[in-house]
Amino acid sequence: MKYSTIFSAAAAVFAGSAAAVGVSGSAEGFAEGVTGGGDATPVYPDTIDELVSYLGDDEARVIVLTKTFDFTDSEGTTTGTGCAPWGTASACQVAIDQDDWCENYEPDAPSVSVEYYNAGVLGITVTSNKSLIGEGSSGAIKGKGLRIVSGAENIIIQNIAVTDINPKYVWGGDAITLDDCDLVWIDHVTTARIGRQHYVLGTSADNRVSLTNNYIDGVSDYSATCDGYHYWGIYLDGDADLVTMKGNYIYHTSGRSPKVQDNTLLHCVNNYFYDISGHAFEIGEGGYVLAEGNVFQNVDTVLETYEGAAFTVPSTTAGEVCSTYLGRDCVINGFGCSGTFSEDSTSFLSDFEGKNIASASAYTSVASRVVANAGQGNL
């Protein structure tokens, strides 16, 4: 009886601990309603092979990372000839000649020798109905990114870090890739030292996506601007994409933070853009951006290319138009030692009607809140 009682008590403690593991909070914005792996029993991968298997199988899963999974040298290296479109100084990124990119797009760039890790070039496939969460500040994937593609849906990634993917090499790999997917919530994720894009949404529809409370850390020894500021931040290049960006910390970048085009509707709200040496936004043809309640601090150029449409709430009075489409007024953005933008296109705001819309708070409280809460370990 005594042993039975002890066993029962231990089992109860374990069950309570397991029940406590799961996603924190719920998605806001376009991906509202995503459930990921739901109430599936959590699994704890121990090896990189186990992690790849769990992420790519057909089961609904809650996958908990308790350590760093280092893929860096897991697939060997490739040596070859690339090119140096941005110069040959030690702080400049160089390009892998992927699909003859150097010949086709940079034929005048000097040739250089390259040696990169194969694991970084293509991310781990994440299939439908998955929650990938980190425990505390310890869950990380190093040397390889994540790919949510080919019809995958209902996925949550929360409280992890994705880092160190061939940082010297353009075309060396992306941190998080979405293409042809739906209902994806990425929250409290830190990305750092990435070869190409921290986030890239490809040319197929990515439907409902929420990127919230993430830390895009652009500090790097190598960059396309040769100044330690990473150029390739966030690239939203989809087809009928709906993207919410809220509460993110975009730091120390020099461009594409974000680049938006090709029939993408972006709601960019309450983000903190800090120390950007080049430009934050590029809005290409087919990019539709509502930007409200954001803070731009030490951003040289807030908007560079402008070929799409944007409403950036140029005044409090102007923000009243949003009540017709969002059910509330939009709030103005804040700027400090920074360029500004004051785009006033409202023709696309009707596209927000009937959709799940993130709330917005005044920009005055955004910077301190985002710095304290964004990224891994800040749930």
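Glycine is treated like the rest: Cβ placed from N, Cα and C.
According to Swiss-Prot, the cysteine that forms a disulfide bond with Cys92, out of Cys226, Cys268, Cys322, is Cys226. Bond annotation: of Cys322, Cys337, only Cys322 is listed by Swiss-Prot as forming a disulfide with Cys330. Listed in Swiss-Prot as the disulfide partner of Cys83, from the options Cys102, Cys181, is Cys102. When other Cβ atoms within 10 Å of the Cβ of Cys226 (disulfide bond) are tallied across all protein chains shown, the result is 17. Nearest neighbour of Cys330 (disulfide bond) by Cα distance, taken over the recorded positions Cys83, Cys92, Asn129, Cys226, Ser368: Ser368. Fewest Cβ neighbours within 10 Å among the disulfide-bonded residues Cys92, Cys102: that distinction goes to Cys92.
Annotation note: Cys92 (disulfide bond) sits in a strand segment as assigned by DSSP.
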